[in-house]
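Residues or ranges marked as chlorophyll a 1 binding site by TrEMBL: 92, 95, 198, 199, 202, 204. If you look up TrEMBL, you'll see 97, 159, 165 marked as chlorophyll b binding site. If you look up TrEMBL, you'll see 216 marked as chlorophyll a 5 binding site. Among the features that TrEMBL reports, signal peptide is placed at 1-15.
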């Protein structure tokens, strides 16, 4: 009888005894795991160090420099989606590259010996020289242009039938066709953006220069250097 009473007493006492405390470290670890923020994964993978940012003009593409900064007075890129902005940048940089070559072409074609004209300085203005070039010379030239454009299209654009027309690849950086024979392309994103800005500025200046040269020769029919008194 005494043994039964003792067992009941011990059982009642154990019922009011607090349970073993949970480890403080375990509790803290659980709380930290609960509030730990998830890593932010960009919706578009970085390309040459550039990550599109909707809060920035042109999604943060380089090219906005002092004193004008971001210059789009007609609002071509206002509320434009990423694909459209990349297409506009592709067009700008390609036209800039063509204009830089055209600017040199005006000056060199009018003032230096060339194979086409028998290594004699040809004084015909550049605007009139293309019709004078023989077909045997100009055909390889246009063939080279077609091959270069085919490579560029295959590198940067989605094939017709595999997506919407005029769509750049998601992993393609406008103008970067992986052509760098001299190894000048920076590996650092900041340095790449700086070089891209320099190329854009030179291309923009060349577009204005080439247009001015063409207009000047139409107006007075003189070569560029001849018009300057050389």
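Cβ atoms here come from the backbone N, Cα and C positions, even for glycine.
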Radius 10 Å, atoms counted are CB only; among the binding-site residues 198, 204, which position scores highest? 204
Between the two most separated Cα atoms in 97, 159, 165, the residues recorded as binding chlorophyll b, what distance in Å do you get? 24
Going by C-alpha distance, which of the binding-site residues 97, 159, 165 is nearest to residue 204 (chlorophyll a 1 binding site)? 97
How far is it from residue 202 (chlorophyll a 1 binding site) to the residue listed as 'chlorophyll a 5 binding site', counting Cα to Cα, in Å? 21
How big is the gap, in Å, between the Cα of the residue listed as 'chlorophyll a 5 binding site' and that of residue 97 (chlorophyll b binding site), rounded to a whole number? 21
Which of these binding-site residues has the least crowded Cβ, counting other Cβ atoms within 10 Å: 92, 159? 159
Which whole-number value in Å describes the distance between the Cα atoms of residue 165 (chlorophyll b binding site) and residue 95 (chlorophyll a 1 binding site)? 21
If you pair up every Cα among 92, 95, 198, 199, 202, 204, the residues annotated as binding chlorophyll a 1, what's the maximum separation in angstrom, rounded to an integer? 15
What number of additional C-beta atoms lies within 10 angstroms of the C-beta atom of residue 165 (chlorophyll b binding site)? 8
Let me know the most crowded of the binding-site residues, choosing from 202, 216 and counting other Cβ atoms within 10 Å. 216
Using C-alpha atoms only, work out the spacing between residue 199 (chlorophyll a 1 binding site) and residue 159 (chlorophyll b binding site) and round it to an integer in Å. 28
For residue 95 (chlorophyll a 1 binding site), the same-chain residues 6+ apart in sequence with C-beta under 8 angstroms from its C-beta are 203, 207
Quick note, residue 159 (chlorophyll b binding site) and residue 198 (chlorophyll a 1 binding site): C-alpha atoms separated, nearest Å, by 31
